[in-house]
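Each remark here refers to the structure printed beneath this line.
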Amino acid sequence: MVKIAIFASGSGSNFENIVEHVESGKLENIEVTALYTDHQNAFCIDRAKKHDIPVYINEPKQFDSKAAYEQHLVSLLNEDKVEWIILAGYMRLIGPDLLASFEGKILNIHPSLLPKYKGIDAIGQAYHSGDTITGSTVHYVDCGMDTGEIIEQRQCDIRPDDSKEQLEEKVKKLEYELYPSVIAKIVK
């Protein structure tokens with residue numbers, strides 16, 4: 001069994017999708033050790049509890065520095081013998097302490113066809129751009145914002161009659177297929 005930890009900051013729909021793939025056996029030989037979140041009121045906590053997944057709530061403001069915050073996370077991850085970190089809507093840049101401890105073992109999913117539309121509101125950026133396609137990207141995490149090596153992408157059309165909400169649903173559907181597929185290929 002490969003032990004993974006999933007990091008999320010918000011609703012946790014990608015987190016729950018991965019957990020459901022593990023529970024159903026579609027993601028074999030993977031154990032989700034815990035959800036790590038940086039917001040005490042994040043909805044992902046409710047999703048984790050529903051699936052009996054332990055939750056670590058660590059808000060960076062509780063620590064003297066980003067280094068202290070990340071060193072605390074590394075100690076928790078090491079206690080659980082975590083081998084891979086899966087970012088699923090975790091809205092913080094990963095710093096040098098976490099990167100050094102899990103080099104080449106941190107994945108992220110981003111709702112655009114990187115390198116386009118890095119950062120926040122990527123779907124909104126694509127929607128307002130005039131582009132006719134967008135999509136989702138899974139990539140390795142490095143010290144930049146959505147700059148790590150791209151592993152795989154999936155795309156969808158942006159139709160003239162799509163609302164932003166419809167486009168968000170299209171991209172979310174891609175993510176729900178893409179992330180478990182990449183995890184199955186990479187996390188071993």
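The chain as shown is numbered from 1 upward.
Keep in mind that glycine also has a Cβ here, set from the backbone N, Cα and C atoms.
Under the heading N(1)-(5-phospho-beta-D-ribosyl)glycinamide binding site, Swiss-Prot lists GLY12, SER13, ASN14, citing sequence analysis as support. Positions annotated as (6R)-10-formyltetrahydrofolate binding site by Swiss-Prot, on the basis of sequence analysis: LYS66, MET91, ARG92, LEU93, ILE94, ASN108. Marked as active site, proton donor by Swiss-Prot on the basis of sequence analysis: HIS110. The site 'Raises pKa of active site His' feature in Swiss-Prot is assigned to ASP146; the stated evidence is sequence analysis.
What Swiss-Prot annotates, mapped onto the structure for a quick look.
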residue: GLY12; record: N(1)-(5-phospho-beta-D-ribosyl)glycinamide binding site; Cβ contacts under 8 Å, 6 or more apart: LEU35, ALA42, PHE43, CYS44, ILE45, ASP46, ARG47, ALA48, ALA88, GLY89
residue: SER13; record: N(1)-(5-phospho-beta-D-ribosyl)glycinamide binding site; Cβ contacts under 8 Å, 6 or more apart: ARG47, GLY89, LYS172
residue: ASN14; record: N(1)-(5-phospho-beta-D-ribosyl)glycinamide binding site; Cβ contacts under 8 Å, 6 or more apart: ALA8, ALA88, GLY89, ILE109, GLU175, TYR176, TYR179
residue: LYS66; record: (6R)-10-formyltetrahydrofolate binding site; Cβ contacts under 8 Å, 6 or more apart: PRO60, GLY95, ASP97
residue: ARG92; record: (6R)-10-formyltetrahydrofolate binding site; Cβ contacts under 8 Å, 6 or more apart: SER9, ASP38, PRO60
residue: LEU93; record: (6R)-10-formyltetrahydrofolate binding site; Cβ contacts under 8 Å, 6 or more apart: CYS143, GLY144, MET145
residue: ILE94; record: (6R)-10-formyltetrahydrofolate binding site; Cβ contacts under 8 Å, 6 or more apart: GLU70, LEU87, ILE106, VAL141, CYS143
residue: ASN108; record: (6R)-10-formyltetrahydrofolate binding site; Cβ contacts under 8 Å, 6 or more apart: LEU87, TYR90, VAL138, HIS139, TYR140, VAL141, ASP146, GLY148
residue: HIS110; record: active site, proton donor; Cβ contacts under 8 Å, 6 or more apart: LYS118, ALA122, SER136, THR137, VAL138, HIS139, ASP146
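Ranking the recorded positions MET91, ASP146 by other CB atoms within 10 A of the CB puts MET91 at the bottom. Sequence-ordered, the extra residues of this chain that approach the N(1)-(5-phospho-beta-D-ribosyl)glycinamide site, with Cβ no more than 8 Å from the Cβ center of GLY12, SER13, ASN14, are ALA8, GLY10, SER11, PHE15, GLU16, ASN17, CYS44, ARG47, ALA88, GLY89. In the three-state DSSP assignment, the secondary structure recorded for LYS66 ((6R)-10-formyltetrahydrofolate binding site) is helix.
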